[in-house]
Amino acid sequence: MQTIKCVVVGDGAVGKTCLLISYTTNKFPSEYVPTVFDNYAVTVMIGGEPYTLGLFDTAGQEDYDRLRPLSYPQTDVFLVCFSVVSPSSFENVKEKWVPEITHHCQKTPFLLVGTQIDLRDETSTLEKLAKNKQKPITMEQGEKLAKELKAVKYVECSALTQKGLKNVFDEAILAALEPPEPTKKRKCKFL
């Protein structure tokens, strides 16, 4: 059975672990526990063939900047996550996350993933953002950044409601199996 390695990166508290737990167990975790490094595996059927989707959760906190890249070798696709209600996590996609993964894995495809879309219309969240003269990140802003950074595409979801959740992983699988440059093997390698 072929394995697809998918590594999830992004700032702390943007919902990476919830995304993975909600997808793999259909349950939403009730409390926040910062991740050091976790992995999950699910079997998916693609064109009648079984694949193992290996999902690697990483810690977004700066304390783990040197440890995190140890999970990158042999990655088939990255999910670069930000919260649509955290403009700073959106900025860090460009400032930190994409530079980090492209430094280690230049040719590995990645998706830009907007998380926590259920909070985009929540009154208390909008009030907190407004106090800092901020607004939620829009679908258009996500698509624009994805294009600018050469992501395979922009997708968004809610781990809480599961809206768009399956699509994130379907698109990740497609990106891993159908890389845009079919002549080159695009797994991440450390030299």
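Cβ atoms are placed via backbone N, Cα and C, with glycine included.
Features reported for this protein in Swiss-Prot:
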{"type": "BINDING", "residues": "10-17, 57-61, 115-118", "note": "GTP binding site"}
{"type": "LIPID", "residues": "C188", "note": "S-geranylgeranyl cysteine"}
{"type": "MOD_RES", "residues": "C188", "note": "cysteine methyl ester"}
{"type": "MOTIF", "residues": "32-40", "note": "motif 'Effector region'"}
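Of all the binding-site residues listed here (A13, K16, T58, Q61), T58 has the Cα closest to the Cα of C188 (S-geranylgeranyl cysteine). The secondary structure of C188 (S-geranylgeranyl cysteine), as reduced to three states from DSSP, is coil rather than helix or strand. Highest local Cβ density among the binding-site residues T58, Q61 belongs to T58, counted as other Cβ atoms within 10 Å over all protein chains shown. Mean predicted confidence for the motif 'Effector region' (32-40): the pLDDT average there is 75. The number of other Cβ atoms within 10 Å of the Cβ belonging to C188 (S-geranylgeranyl cysteine), over all protein chains shown, comes to 21.
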